[in-house]
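Colleague: Straight from Swiss-Prot, here's the annotation block:
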type     : residues : note
DOMAIN   : 55-284   : domain 'Ferric oxidoreductase'
DOMAIN   : 285-395  : domain 'FAD-binding FR-type'
CARBOHYD : Asn238   : N-linked glycosylation site
TOPO_DOM : 1-12     : topological domain 'Cytoplasmic'
TOPO_DOM : 34-49    : topological domain 'Extracellular'
TOPO_DOM : 71-103   : topological domain 'Cytoplasmic'
TOPO_DOM : 125-167  : topological domain 'Extracellular'
TOPO_DOM : 189-201  : topological domain 'Cytoplasmic'
TOPO_DOM : 223-395  : topological domain 'Extracellular'
TOPO_DOM : 417-568  : topological domain 'Cytoplasmic'
TRANSMEM : 13-33    : transmembrane segment
TRANSMEM : 50-70    : transmembrane segment
TRANSMEM : 104-124  : transmembrane segment
TRANSMEM : 168-188  : transmembrane segment
TRANSMEM : 202-222  : transmembrane segment
TRANSMEM : 396-416  : transmembrane segment
Amino acid sequence: MPTCWILNESVSFVVALLWLAINIYLFIDTFCWYAEEESFFYTRVILGSALAWARASAVCLNFNCMLILLPVSRNFVSLVRGTSVCCRGPWRRQLDKNLKFHKLVAYGIAVNSVIHIVAHLFNLERYHLGQAKDAEGLLAALSKLGNAPNESYLNPVRTLYTGTTTQLLMTVSGITGLVISLALILIMTSSTEFIRQSSYELFWYTHHIFIFLFISLAIHGGGRIIRGQTPESLRLHNVTFCRDHFDEWQEAASCPVPQFSGKEPSAWKWTLGPVVLYACEIIIRFWRSHQEVVITKVVSHPSAVLELHMKKRDFKMAPGQYIFIQCPSISPLEWHPFTLTSAPQEDFFSVHIRASGDWTEALLKAFGAEGQAPSELCSMPRLAVDGPFGGSLADVFHYPVSVCIATGIGVTPFASLLKSVWYKCCESQSLPGLSKVYFYWICRDAAAFEWFADLLLSLETQMSEQGKAHLLSYHIYLTGWDEYQAIHIALHWDESLDVITGLKQKTFYGRPNWNEEFKQIAYNHPSSSIGVFFCGPKAMSKTLQKMCRLYSSSDPRGVHFYYNKENF
């Protein structure tokens, strides 16, 4: 089992461990520095350990904000992924988990934000207490600094009557801190699985609040509320000696009044690079959005599925890639990902879109999928296309044996792959490295098989004619049927062709027994590297991951299953 786990999860584990180690190092190093640094001794007299907690979490926040944009810069990720010299094997698969890393970094931002906010609430209260009438000793002396001419202050709360809320709303750091906190709350709460599934538009729009978050983060330190003793003051004012003689600061030449200043803002130094990279991403997206997209064909399929054929100048794709589509007449800001269902050999590119939210429902309606189709293609709404981008499914041809598994509309990326196989068979081209493809499709609605069955029938016929019938083994599972369909299936069971798909391979009813399927595949290919590719729900993904671990051999010469899941 350890060897099997290493095959699929080792790189992810190393990346997560490295990220965690850097966070821990930055936190501890910064915490110790602020807890011991002489220039912040007087600051610690007022604030105590909350100073170190606030500053340590701030550095970790800067680090994670530096990382958060990189995984979602899809042109950058696609560029790195396409550079095979720099990105091979498990590292290539790690790039396909970019959204998981994005979420991991987001959790880091959330945790450090809570620490930072709580620590600064303590700091504000300690500053306020420093101005209390019963404050005495060194605390009182430090809080009163700044009242006399040529004195710099240490305590930003200048009077006892300045409340915590007032202080927050009177400073740059306070206002930007509130903006950052509110932005994080909105982004985090709208990123839950429930919101993304039920209202993708809400998730999309709230995520763009990050613009205000990064602007506020860049100027957050401009208030310079946390102040330390200046280097010049430290040379003249010996803290070790003078802290016990604060009553003599005004008179004694050996203990002049300490001078303080705030540190320069540093968050922008951490985030400038990724922000510039993401700005380039937006510019590329804007440029692509203004390139003409010609819609050549529109097909309305059963089960509320819309098929669009399009053309775009200099558009080049590979099997298994995906694009982002924008429809300005529906929303000028929203971009939605869809896998390509066409093959590189075709003179167009296509997508199949299922109605599963407000935006997709509006798109189907705009293209007449509900029965009111525009009579002319020129009357169709304008679309903008960004991409294509590489995903995990593009690696199907990199394994000698590939297992492709889809549920429902998740079959769309495999349409491109199987079409590409079909074209290669038609042209009598070889498939270098690929000797066997197992295809599984699990669907609850028999009507959904309509558009895909034609492709499988063509592939089945062509492979038989080319003597390559052994290359593809497909298994279609129907999980939902009514009484009428059951009777119809029973009456035609003995026919040579399947009653639902029209294929020679009969449709299975129910769900696959994955233990038996993986056991048989492992038996058929005892010493092979097998790529398992999945597009579908999270629950089944966990099951398939488990199967890959269970049936991978601990012997380096045995069978090994490598799991790949499509993520947008």
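Each residue's number is its place along the chain shown, starting with 1.
Cβ coordinates are placed from backbone N, Cα and C, and glycine is handled just like the others.
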Colleague: In the same chain, who gets a Cβ under 8 Å from the transmembrane segment (50-70) while lying at least 6 residues past its ends?
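Modeller: For the transmembrane segment (50-70), the list is 19, 22-23, 26-28, 30-32, 34-35, 40, 43-44, 76, 102, 105-106, 108-109, 112-113, 115-116, 118-120, 122-123, 126, 214, 217, 226, 266-267, 270-271, 273-275, 277-278.
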Colleague: State the non-local partners of the transmembrane segment (202-222) in its own chain: residues 6+ outside its ends, Cβ under 8 Å from one of its Cβ atoms.
Modeller: 61, 65, 172-173, 176-177, 179-180, 183-184, 186-187, 190-191, 195-196, 262-268, 271, 275, 333-334
Colleague: Against the transmembrane segment (104-124), which of these stretches has the most C-beta pairs under 8 Å: 13-33, 168-188, 396-416?
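Modeller: If we count Cβ pairs closer than 8 Å to the transmembrane segment (104-124), 168-188 scores highest.
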Colleague: Let me check the 10 A CB neighbour count of the residue listed as 'N-linked glycosylation site'. How many other CB atoms are there?
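Modeller: By my count, 13.
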Colleague: Would you mind splitting the topological domain 'Extracellular' (34-49) into helix, strand and coil residue counts from DSSP?
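Modeller: Secondary-structure breakdown of the topological domain 'Extracellular' (34-49): 13 helix, 0 strand, 3 coil.
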Colleague: Which sequence-distant residues neighbour the topological domain 'Cytoplasmic' (189-201)? Criterion: at least 6 residues beyond either end, Cβ under 8 Å.
Modeller: 106, 207, 331, 334, 336, 357-359
Colleague: Report, as numbers and ranges, which residues of the same chain sit near the topological domain 'Extracellular' (34-49): CB under 8 Å and 6 or more residues beyond its ends.
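Modeller: Result: 55-56, 122-123, 126-127, 130, 138-139, 142-143, 154-155, 226-231, 234, 239, 243, 258, 260.
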